[in-house]
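Have a look at the structure below before the remarks.
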Amino acid sequence: MMGAGKTTLGRELAERLGYTFVDLDDYIEQREGHTIAQLFESEGQEQFRKKERQALEAVVHQYNGVVVATGGGTPCFFDNMDFINQHGTSFFLDVPAEEIMQRLLASDLSVRPLLAQKNETELKDFIVKTLAARRVYYEQASYTLSGKRYNIDQIESLVKP
Ligand SMILES: Nc1ncnc2c1ncn2[C@@H]1O[C@H](COP(=O)(O)OP(=O)(O)O)[C@@H](O)[C@H]1O
Ligand SMILES: O=C(O)C1=C[C@@H](OP(=O)(O)O)[C@@H](O)[C@H](O)C1
Ligand SMILES: [Mg+2]
């Protein structure tokens with residue numbers, strides 16, 4: 001989910017493993033020459049999801065030994081979750097909604113177009129509802145990491161060949 005810490009943890013895990021780190025949002029922004037917010041604004045979410053899937057495929061083919069931090073919506077469109085699991089080991093960061101809320105409120109909401117311009121009540125409502133709707137996709141991950149803090153040694157041991 002947005003704010004769960006995929007980008008932060010992914011970067012750290014890649015460093016530990018000596019793998020390349022790719023943040024899928026950053027990758028799309030570089031390919032397209034526009035920010036995620038601009039892409040949502042100019043083309044809408046449906047077109048963004050197509051670009052996101054294309055980027056996912058491109059990353060898988062481009063790198064060998066890569067940690068990918070997807071966007072929070074990536075697993076929930078097309079057969080992306082199957083694609084992810086066919087090509088790697090996946091992790092669902094199952095962070096409590098209350099903690100996600102705190103993290104997002106302390107961050108810049110404008111970079112996440114689905115959250116921009118929401119007040120605190122709307123944000124809370126959106127996170128709880130979206131998390132509930134997306135859980136069915138997220139739970140298809142190879143591993144679920146629950147809670148606010150993770151043991152990076154443990155995660156490393158799950159992916160180390
Ligand atoms: N384990 C953590 N504990 C507290 N704050 C965190 C943790 N991981 C990430 N954050 C913070 O939460 C926000 C969202 O993290 P980020 O890695 O961008 O999440 P995501 O990529 O899943 O949207 C950032 O401000 C980040 O600094
Ligand atoms: O959950 C989502 O639908 C989205 C999550 C974002 O990534 P993060 O999960 O890294 O914030 C980004 O891909 C876009 O704003 C849409
Ligand atoms: Mg991210």
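Cβ atoms here come from the backbone N, Cα and C positions, even for glycine.
TrEMBL names G3, A4, G5, K6, T7, T8 for binding ATP. Of R53, R112, the residue it gives for the same site is R112. Same-site candidate for substrate binding, as annotated by TrEMBL with R49, G72, R134, chosen from D25, D26: D25. Closest in space to R49 (substrate binding site), of the binding-site residues given as G5, T7, T8, is T7, taking the CA atom of each residue. Rounded to a whole number, the C-alpha distance linking D25 (substrate binding site) with K6 (ATP binding site) is 11 angstrom. The ATP site in the record is lined by G3, A4, G5, K6, T7, T8, R112, and its two most distant CA atoms lie 16 Å apart. The number of other CB atoms found within 10 A of the CB of G3 (ATP binding site), across every protein chain shown, is 23. Closeness to ligand 3 is met by K6, T7, these being the binding-site residues among K6, T7, T8, G72, R134 whose Cβ falls under 6 Å from the molecule. Neighbour count (other Cβ atoms within 10 Å of the Cβ, all protein chains): 17 for T7 (ATP binding site).
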